[in-house]
Amino acid sequence: MALKAVCVLKGDGPVHGVIHFEQQQEGGPVVLKGFIEGLTKGDHGFHVHEFGDNTQGCTTAGAHFNPLSKKHGGPKDEERHVGDLGNVTADENGKADVDMKDSVISLSGKHSIIGRTMVVHEKQDDLGKGGNEESTKTGNAGSRLACGVIGIAP
């Protein structure tokens, strides 16, 4: 039976969206589908953060979900945080259609993202290749525009 989750993204500004997650079997890839609106045109960092705490907005979500204590990277890199999902790309209308698959995150087990926070960032994630210390932690993706806790879905 497939595992499903959903995340409603909201921020202090116009950025908002909904992301659906589906994993057909434990240990299998997770498919993410949805949309984010209100963005500036271009790429925006897209990560799962460690905590599901949004009591003070997106700032209390903690760092990227990184249970293996690795450096920041891109979604196809061996060296990456579990929560590193790269970028979403907004069109000239500020909408990013999300349709991706990731084999590192999970909806169950030790790498489960259930109860953690999904965040979309102000800037492009440099995938850990920016040449400075911040790049190896955050990808220089900038401020947190919108976030939401990932919850179990029917």
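Glycine too: its Cβ is placed from the backbone N, Cα and C atoms.
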Bonded to Cys58 via a disulfide in Swiss-Prot, from among Cys7, Cys147, is Cys147
By CA distance, which of the modified residues (Ser103, Ser108, Lys137) lies nearest to His47 (Cu cation binding site)?
Lys137
Rank the recorded positions Ala2, Cys7 by the number of other Cβ atoms within 10 Å of each Cβ, and give the residue at the low end.
Ala2
Within 8 Å of the Cβ centroid of His64, His72, His81, Asp84, the other same-chain residues by Cβ around the recorded Zn(2+) site are His47, Phe65, Asn66, Lys70, Lys71, Gly73, Arg80, Val82, Gly83, Gly128, Lys137, Thr138, Gly139
Measure from the CA atom of His64 (Cu cation binding site) to the CA atom of Ala2 (N-acetylalanine) and give the result in Å, rounded to a whole number.
26
